[in-house]
Amino acid sequence: MLFLQFLLLALLLPGGDNADASQEHVSFHVIQIFSFVNQSWARGQGSGWLDELQTHGWDSESGTIIFLHNWSKGNFSNEELSDLELLFRFYLFGLTREIQDHASQDYSKYPFEVQVKAGCELHSGKSPEGFFQVAFNGLDLLSFQNTTWVPSPGCGSLAQSVCHLLNHQYEGVTETVYNLIRSTCPRFLLGLLDAGKMYVHRQVRPEAWLSSRPSLGSGQLLLVCHASGFYPKPVWVTWMRNEQEQLGTKHGDILPNADGTWYLQVILEVASEEPAGLSCRVRHSSLGGQDIILYWGHHFSMNWIALVVIVPLVILIVLVLWFKKHCSYQDIL
């Protein structure tokens, strides 16, 4: 019953009517993390993701789905979503209790975590692919492949015994999981893409600027090119000199901003006398083929230039208006 509850909890969220989608590769998946500190304290967290965009959360206190966007319901009705929330609450309780009952036989296991990633992928021109992966304390434990539960290599006897149990005594669970990740999940994903197409396919231009800081202990200078606020995620940023990419350019991870856009910084370490002639080039689909190029030594962005021009003009206009008003008041007197 433990894994039956677990599978239903993790996978019943996706569902809905069919819709059109034209993505070469796109996925929807649920991530769940169950933390067990001791026999009497446990906490579960859940979230739903469209590729790398979080679309759903789970409120553990109220036992409700959190819809992070106005299109996160996809094609589900409110009644269907209410039924799912009830299932989530019921199975969360049962899952937590059963895990604690098993873990109580060996107190040395506390604290521990169980992590799950389950969902589906759509590839252009191919059949949908479903996946269900379970980890224990961050290490792969088992996965669902085709119609069979498979233990991860080197996972030990625990995963092997669980997989044997699922494969031979819970055929109904296996069939349910197969249908959910191969049929229900793709339908929900297509509905989600249709409902959120304006958001998912939007183009947001990056803001770019340059900065520098000394390199500790080397006497070198670190030149930093920042690109922020862009969407979608794919972006190309690099340091150049005379149209040649500079070796030694270090790219950081592309990180999410709170508004769903992305941020990247690219660093080049140079001698203090070498920055002249360097530039940073930013290429993104939102720019329509017109790359942003920032030259070191001339690195006021257009926003800053506009600010430098506009602020004095605003001050001048305010002074003129105040002077006219003051003069008119004096004339009346």
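Using N, Cα and C of the backbone, Cβ positions are placed for all residues, glycine too.
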Candidate cysteine (C225, C327) that Swiss-Prot pairs with C280 in a disulfide: C225
Disulphide bridge to C185 as given by Swiss-Prot, partner from C120, C155: C120
Which range of 113-116, 157-160, 329-332 is motif 'Internalization signal', per Swiss-Prot: 329-332
Mean per-residue pLDDT computed across the topological domain 'Cytoplasmic' (324-333): 57
By Cα-Cα distance, the member of recorded positions C120, N146, C185, C225 nearest N75 (N-linked glycosylation site): C185
Closest of N70, C120, N146 to N38 (N-linked glycosylation site), Cα positions, recorded positions only: C120
Distant-in-sequence Cβ neighbours of C225 (disulfide bond), under 8 Å, six or more positions away: A208, W209, L210, V237, W239, Q265, V266, I267, L268, C280, V282, L294
DSSP-derived class (H/G/I helix, E/B strand, else coil) of N146 (N-linked glycosylation site): coil
Cα-Cα distance linking C185 (disulfide bond) and N146 (N-linked glycosylation site), given in Å to the nearest integer: 15
Listed glycosylation sites (N38, N146), ranked by Cβ neighbours within 10 Å, top entry: N38
